[in-house]
Amino acid sequence: MLLCDIGNSNANFLDDNKYFTLNIDQFLEFKNEQKIFYINVNEHLKEHLKNQKNFINLEPYFLFDTIYQGLGIDRIAACYTIEDGVVVDAGSAITIDIISNSIHLGGFILPGIANYKKIYSHISPRLKSEFNTQVSLDAFPQKTMDALSYGVFKGIYLLIKDAAQNKKLYFTGGDGQFLANYFDHAIYDKLLIFRGMKKIIKENPNLLY
């Protein structure tokens with residue numbers, strides 16, 4: 001079974017248990033004869049995907065209990081296997097969604113870590129810097145690189161901590177593993193979105209035929 005999660009920068013694939021990533025240009029050249037079950041948040045690719053006969057869009061099959069307007073299919077898929085907890089998908093944006101008794105209570109969005117860097121560099125050339133991923137969140141910074149890093153990482157940490165209360169935390173996405181390290185009982189699951197997609201196919205076995 002070949003699954004594909006298409007974002008704005010990359011398309012991530014799971015081929016049985018083999019995970020691989022293509023950038024969007026590579027994805028447009030990608031050819032495969034078997035059925036490809038996908039979700040897509042990239043508006044520019046919608047027409048292209050409609051013309052690919054072996055690409056099956058899973059989005060219409062997700063029945064998700066939420067009153068959130070315009071919730072992205074990637075966020076729905078990431079939350080779909082979680083009954084209780086907070087789901088953090090840390091990519092080009094960081095999305096935080098709160099689930100209780102399989103009901104989506106709401107969520108919020110932050111810039112991704114790489115985009116914080118861009119924001120700082122736009123403010124001033126003096127704020128163009130790499131982040132110190134080892135910066136302590138328990139001591140006030142004494143140099144610019146640490147000050148920028150502290151502002152980003154502590155801000156993200158406190159918002160997630162406040163949303164989580166005592167709920168389990170589930171992290172996914174490119175920076176998910178890094179952010180999960182700030183929390184004692186966090187679970188990092190690189191394949192969380194794919195688990196949601198697999199659950200949909202299991203609920204709709206006719207899709208396989």
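Each residue's number is its place along the chain shown, starting with 1.
A Cβ is built for glycine as well, from the same backbone N, Cα and C atoms used for every other residue.
According to Swiss-Prot:
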{"type": "BINDING", "residues": "D5, I6, G7, N8, S9, N10, A11, N12, S92", "note": "ATP binding site"}
{"type": "BINDING", "residues": "Y68, G72, I73, D74, R75, T144", "note": "substrate binding site"}
{"type": "ACT_SITE", "residues": "D74", "note": "active site, proton acceptor"}
{"type": "BINDING", "residues": "D89", "note": "K(+) binding site"}
How many whole Å apart are the CA atoms of D5 (ATP binding site) and D74 (substrate binding site)?
8
Between the binding-site residues Y68, G72, I73, D74, T144, which lies closest to A11 (ATP binding site), Cα to Cα?
D74
Roughly how many angstrom lie between the C-alpha atoms of R75 (substrate binding site) and S9 (ATP binding site)?
16
Roughly how many Å separate the Cα of S9 (ATP binding site) from that of the residue listed as 'K(+) binding site', to the nearest whole number?
15
Rounded to the nearest Å - Cα separation of I73 (substrate binding site) and G7 (ATP binding site):
10
Report the same-chain neighbours of T144 (substrate binding site): residues 6+ apart in sequence with Cβ closer than 8 Å to its Cβ, ordered by sequence.
R126, L127, S129
To the nearest Å, how far is the Cα of D74 (substrate binding site) from the Cα of G7 (ATP binding site)?
8
Expressed to the nearest Å, what is the distance separating S92 (ATP binding site) and Y68 (substrate binding site) at their Cα atoms?
21
When you average the Cβ positions of D5, I6, G7, N8, S9, N10, A11, N12, S92 for the ATP site, which other residues in that chain have a Cβ within 8 Å of that mean position?
T21, I24, V41, N42, G91
A 10 Å Cβ contact count, applied to the binding-site residues G7, A11, Y68: which residue has the minimum?
Y68
Might you list, by sequence position, any residue in that chain lying six or more from G72 (substrate binding site) with a Cβ less than 8 Å away from its Cβ?
V41, T95
On the three-state reduction of DSSP, what should I expect for S92 (ATP binding site)?
coil
Which residues in the same chain, at least 6 apart in sequence, have a Cβ under 8 Å from the Cβ of the residue listed as 'K(+) binding site'?
D74, R75, A78, T95, F171, T172, G173, G176, L192, I193
